[in-house]
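Remarks on the structure that follows.
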Amino acid sequence: MSEYSLFTSESVSEGHPDKIADQISDAVLDAIIAQDKHARVAVETLVKTGVAIVAGEVTTSAWVDLEQIVRDVICDIGYTSSDVGFDGATCGVMNIIGKQSPDINQGVDRAKPEDQGAGDQGLMFGYASNETDVLMPAPITFSHQLVQRQAEARKSGLLPWLRPDAKSQVTCRYEGGKVVGIDAVVLSTQHNPEVSYNDLREGVMELIVKHVLPAELLSKDTQFHINPTGQFIIGGPVGDCGLTGRKIIVDSYGGMARHGGGAFSGKDPSKVDRSAAYAGRYVAKNIVAAGLAERCEIQVSYAIGVAQPTSISLNTFGTGKISDDKIIKLVREVFDLRPYAITTMLDLLHPMYQETAAYGHFGRAPQTKTVGEDTFSTFTWEKTDRADALRSAAGL
């Protein structure tokens, strides 16, 4: 649901340089948290031609083979040859990780876990709307689906000339706040030198675009821009330097909601940039699922070393069944938004994060996953298990 008549969002594939960096950072986090659930982790990655640099601050009892983790991520994405532009088996890997500052640590750790302070100050937003079945904005949902399908077609051999790097962009048309059509589609995908442009365009249109986008939203007036420069052979870290945390709008709501500015990947749950943004999505989604509003955006803010949020604000954009002030009161009753309580509520101390680092952190289906002897649910912030409590408390 949008106030705009047209709204555009973009996504990028797992082979985009910034997403390579995000996935490496979260793979390192997962490897550490699998051994030490109470580790403090803040890992940043830079990838460029022939090299991956991993830096940050980590305090943990775990030992992980960082170089092998980096190589595995790069190879699993599909960068396995210099012909593609990057080779995980032969690239350089530089490790410049240090320990977390004791000044930060003393503000976070407490004798009573529930009194754990926020790892930093900041503001975070959560959002949900009823315009798609996953309660996400349509433009970002469709954009993610396009690049997910690109990776699927590449890895399965359906379109064997595809390479890992790709970007998508979808413009949706709204009337009365509802999606009534798709105005424009952009899909740029890396490819090998042998495929002709006509074959590429036909393959992408038939097996990616039309496979993903609802036919009823496409028309003779929809604009399709498939590799509009005509050629996209050089991609990945050769084409562009990749950095962790540089796709925060792709990671969240595609610009439909506000963003506090903090990135997610490479950060353990004590960092409210990540955990409170997940909690914000959980709260907003349950509000919409409960029928309290058709659209909801929530803001929470924190001070470093302080457990209680410094503020909780909410906007239902005139779609609420009860007042926003009453919904905020219900949020305070039903959800505990202190950092440790968020970690417990969403069961965040598991190696669940690499999967979030491509194709969006929100609008994803929770799945049961086992790593070693640890069985847990992924994407727990997408559950709507508090909708009934909200509905009941609201008297609806």
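Just so you know, the numbers here start at 1 and follow the chain as drawn.
A Cβ is built for glycine as well, from the same backbone N, Cα and C atoms used for every other residue.
Residues 100-110 are the range that Swiss-Prot records as region 'Flexible loop', among 100-110, 111-121, 221-231, 364-374. Of all the Cβ atoms in the protein chains shown, 15 others lie within 10 Å of the Cβ of D240 (ATP binding site).
Secondary structure at K247 (ATP binding site), taken from DSSP and collapsed to helix, strand or coil, is coil.
Cα-Cα distances to E57 (L-methionine binding site) place E44 within 10 Å, out of the binding-site residues H16, D18, E44, A166, D240, K247. Cα distances from K247 (ATP binding site) to the binding-site residues D18, E44, K271 are smallest for D18. Taking the C-alpha positions, the distance from A166 (ATP binding site) to K271 (L-methionine binding site) comes to 30 Å. If you compare every pair of Cα atoms in H16, D165, A166, K167, D240, R246, K247, A263, K267, the residues listed for ATP, the longest distance is 25 angstrom.
A strand conformation is recorded for A166 (ATP binding site) in the three-state DSSP classification.
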